[in-house]
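Engineer: According to TrEMBL, the record shows the following:
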- 1-57: region 'Disordered' (REGION)
- 14-25: compositional bias 'Basic and acidic residues' (COMPBIAS)
- 26-35: compositional bias 'Acidic residues' (COMPBIAS)
- 36-45: compositional bias 'Basic and acidic residues' (COMPBIAS)
- 117-140: transmembrane segment (TRANSMEM)
- 123-297: domain 'Amino acid permease/ SLC12A' (DOMAIN)
- 152-175: transmembrane segment (TRANSMEM)
- 196-217: transmembrane segment (TRANSMEM)
- 252-269: transmembrane segment (TRANSMEM)
- 276-295: transmembrane segment (TRANSMEM)
- 415-435: transmembrane segment (TRANSMEM)
- 416-694: domain 'Amino acid permease/ SLC12A' (DOMAIN)
- 455-481: transmembrane segment (TRANSMEM)
- 501-519: transmembrane segment (TRANSMEM)
- 555-573: transmembrane segment (TRANSMEM)
- 579-601: transmembrane segment (TRANSMEM)
- 613-637: transmembrane segment (TRANSMEM)
- 824-1084: domain 'SLC12A transporter C-terminal' (DOMAIN)
Amino acid sequence: MPTSFTVVPVEAQGEERAPADRDGQEKEEDEEDDERDRRSGDGIARESSPFIDSAEVDRGNMYEGKNMALFEEEMDSNPMVSSLLNKLANYTNLTQGVVEHEADEDSKRKEVKVPRMGTFIGVYLPCLQNILGVILFLRLTWIVGTAGVLESFIIVFMCCACTMLTAISMSAIATNGVVPAGGSYYMISRSLGPEFGGAVGLCFYLGTTFAGAMYILGTIEILLTYISPSAAIFKAEEVGEETEALLNNMRVYGTCIIVLMAIVVFVGVKYVNKLALVFLACVILSIIAIYAGVIKTAFDPPDFPICLLGNRTLSKRNFDVCAKFTESNNETKTTALWRLFCDSPLLNATCDDYFSLNNVTEIQGIPGIMSGVLADNLWSTYTEKGSIVEKKGQPSVAGSEETKMSGLPYVFTDIMTYFTMLVGIYFPSVTGIMAGSNRSGDLKDAQKSIPTGTILAISTTSFIYLSCIVLFGACIEGVILRDKFGEAVKGNLVVGTLAWPSPWVIVIGSFFSTCGAGLQSLTGAPRLLQAIARDGIVPFIQVFGHGKANGEPTWALLLTAGICEIGILIASLDSVAPILSMFFLMCYMFVNLACAVQTLLRTPNWRPRFKYYHWTLSFLGMSLCLALMFICSWYYALIAMLIAGCIYKYIEYRGAEKEWGDGIRGLSLNAARYALLRVEDGPPHTKNWRPQLLVLLNLDSEQLVKHPRLLSFTSQLKAGKGLTIVGSVLQGIYLDKCTETQKAEENVKALMGVEKTKGFCQIVVSPNFRDGISCLIQSAGLGGMKHNTVLMAWPQSWKQTENRFSWKNFVDTVRETTAAQQALLVAKNIDLFPTNQERFTEGNIDVWWIVHDGGMLMLLPFLLRQHKVWRKCKMRIFTVAQMDDNSIQMKKDLQMFLYHLRLNAEVEVVEMFENDISAFTYEKTLMMEQRSQMLKQMQLSKNEREREAQLIHDRNTASRSAPAVKAAVPEKVQMTWTKEKLVAEKHKNKDSNISGFKDIFNMKPEWGNLNQSNVRRMHTAVKLNGVVLNKSQHAQLVLLNMPGPPKNRKGDENYMEFLEVLTEGLDRVLLVRGSGREVITIYS
């Protein structure tokens, strides 16, 4: 749909100009702000828009005139469209974390260098150079000979299909906005989040580093095997030690070369970049030489004879004449070959049995494309280690099985071969597809060049590899193809024998290309590590983000050289190749995953310019990568996944939090939405019930949490399971309290992190503190994920009226939780509760089960004892017997109940005898009512206070002059007794009744006016408190049924006093009020 813009000039009418001096002052202030903004930058590209917060445009000009006065207060965060477009036009995506090599960090270039690279130079050729390399020249012919043309075709096709699908996914991601340097790391981290990005970024770094080791090993192999074999330091002293000597030479030369290359990269990295085209030219010339040689074989095959003994291939390093003896002047002379198989040069010498029975024949190693040798090379020839390379279909007479062959000049296989191993060795030859995306900052149009150049490069290299497989199989004899080091052709590079005009074209070209590729790896890998380090997501590698003054990653280069040395010490190219295959495959797998996730989520920001992608292709690419990982080497795959998993968990646990708008976050939101819709919006089954907490916190004037131990207790109770919502209320108007709300939320979240409380924070601003608490209780949570339990601290200063969380708020909160059918936990003396670092080595958790309210009292100690703090505490359950029950039978029933609940606890039934109300109870009740009167009195006006005080005085005076009042007969408290105890208690009660009557006659006059309901309640609280103190004074925690508030709201302040008396003298108390439904069951 075409879009057109029309720019219409708007004339400002009645425009007033500000005074010149004010303009000047504003400009000076703006320049200071601009300078401060420039100083605050660290040179790292941020994920936020690069033009929104820039301070390059003069704000004085921005606010000039009155046409936009309506929006001027928002200009800082929402710039005008003209300003936005201007910054967009001047924006360049500079390399992330790396400053230009030639410029120092402090020198800022005033002119923006316009990128001039197109698709061909910027993407196509770099990808070509990285994809074509050491495996093509050193191992492809051997793979074709071992696996056959058909299976080799399958191997190459699978690997090329994998990279093509990955390139499609990468193109979609790379064209979905600007991609700074960092290539695949940047794309994955911004698409899948910092955890995946860091893990896969480090895997990609390790893959690139091991690729450098592989290229260096390839360089040394070419040097010591094909260019200068005499340069070897270690020589094989005995037969069969050639391989070990070669590996030792690789280690020594590899270490020297890696030191040399590291120095080159450290001193003059710009020369490495300038030599890249030279190395690329070597690769292209070598490939052209191969195709030219293939064409030449059609009419003039090169002369590379192979010597066979029977069907066994002979190594021509130690002889020239392929015959047992020669005729010269009618005289038969034995050859060097004879002397290798026989014990003397004489014709009657004792020779090897197989040598005696078979003839020596000579065939052409490169019969040519028209020879029909392709039919012989179609099928695989996998062998064991140490097997002799044999020609199929060649006549042979078997010799004695006991013949020792190790010292004979046969061509032996150096490793055992099988299909999956060849996949692992070949795959590194198709890596390098990220070269274009790594250079996006240097491209004219990155969003056009990256897809076109990368896919074109993969298509070209895939054609080269597939055509080379067919051409090698059609031109070269099978035994030569299986001869890895060219021993049958006098130590020539096998692919070099096919090239025109000379094998040295391939040898020299491959030497320089592998050398250049090694330098490129040592240049690129440290920069990738530097980009990861500067992102700050992996704390322990942040030191590698530093470097020289011009941004060169010195420390990262040292680490890269060290890891590269590990690959050099392995020394075998065939062993190093599968290692880097794992890391690259894992990287490619997550690129495909990133594209699939973004496509399926359909996030609004997912708008790639590259349209030829689909989530099924990305999923297929991801599956193919995973399959190839396990095909190559299942144990290497598991190790690579373990490394990535450990890095992932480390970043998740210790890494810096980053918000990059990644796809995993979007996926989590979608999954959460799906799960919430599926969770029934109702109470769960009893078996699934667990406390989903709403923790009510108090904040001080600095928005800091007053009782941090409440969050400690929360984490001990929850252990990271279930839902936790930490809420608090700020009193005021939200518009005035925005800043304080944010500060409070930050403080609470920080404390939650310290206390390891996993959950959500919710701060509510309300004109009335009471209404805010009510709002939290009603609306916290979402759908089925709502709290079912409220945890709060006991208001220690409830008697002080200036305390905002007064007794009235507390009692109303208790009532609201009951109305909402939610459980309530009140922690008294919360500051005495243990921190998460403390450990109780002994002690008890005492449960006082007075009334049954759903089993919360049973469940909470079990949950607490899962935590390390309470693990060694024993659980004891106390219950109060009733008069008409048998306490012994009651104890047995309770023990059986706990057995069925699968809970281990000591059980004790407490028997409280009936007695009269003590004078202490009356005094407590009197003090409570007087305090209640005083609290009411403080709410009245001054005149009303005086009037009320006079009334109280008159009432007290009248009560003193009145006769003694008969005490109300207290209600009998039903307790549990056995028959014997009941008889014994009757005699006690006679004495107590006598003393009771004495107490009645000794009563103070004020007691007669007391509310008898309050007296009875106080009696229960005092009596029960005495029993609890007697049994549980030294318990680590006491859980107690919390009585409900009175239905008559006039007695709310008395309710607080009852709870105070009930818990008096106890260190740590958790008052528990159930929700009214069963939360624990004996059934499975």
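Just so you know, glycine gets a Cβ as well, placed from its N, Cα and C.
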Engineer: How about long-range neighbours of the transmembrane segment (501-519): same chain, 6 or more residues beyond its ends, C-beta under 8 Å?
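Structural biologist: Cβ under 8 Å, 6 or more out: 129-130, 132-134, 137-138, 211-212, 215-216, 218-219, 222-223, 226-227, 257, 261, 264-265, 272, 275-276, 278-280, 282-283, 285-286, 289-290, 292, 492-493, 495.
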Engineer: Average pLDDT across the domain 'Amino acid permease/ SLC12A' (123-297)?
Structural biologist: 85
Engineer: What else in the chain is close to the transmembrane segment (415-435), if you only count residues 6 or more beyond its ends and a Cβ gap under 8 Å?
Structural biologist: 123, 126-127, 129-136, 139-140, 143, 146-147, 151-152, 155-156, 158-160, 162-163, 166-167, 170, 183-184, 207, 211, 214, 380, 382-385, 454, 457-458, 461-462, 465, 574, 577-578, 580-581, 584-585, 628, 631-633, 636
Engineer: Of the stretches 117-140, 196-217, 455-481, 555-573, 579-601, which racks up the most C-beta pairs under 8 Å with the transmembrane segment (252-269)?
Structural biologist: 555-573
Engineer: If I count Cβ-Cβ pairs under 8 A between the transmembrane segment (579-601) and each of 196-217, 276-295, 555-573, which range comes out on top?
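Structural biologist: Against the transmembrane segment (579-601), the leading stretch is 196-217.
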Engineer: May I ask which of the stretches 117-140, 276-295, 455-481, 555-573 has the most CB pairs under 8 A with the transmembrane segment (196-217)?
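Structural biologist: Highest pair count goes to 555-573.
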Engineer: Given the transmembrane segment (555-573), which of the listed stretches 117-140, 276-295, 455-481 has the most Cβ pairs that are under 8 Å apart from it?
Structural biologist: 117-140
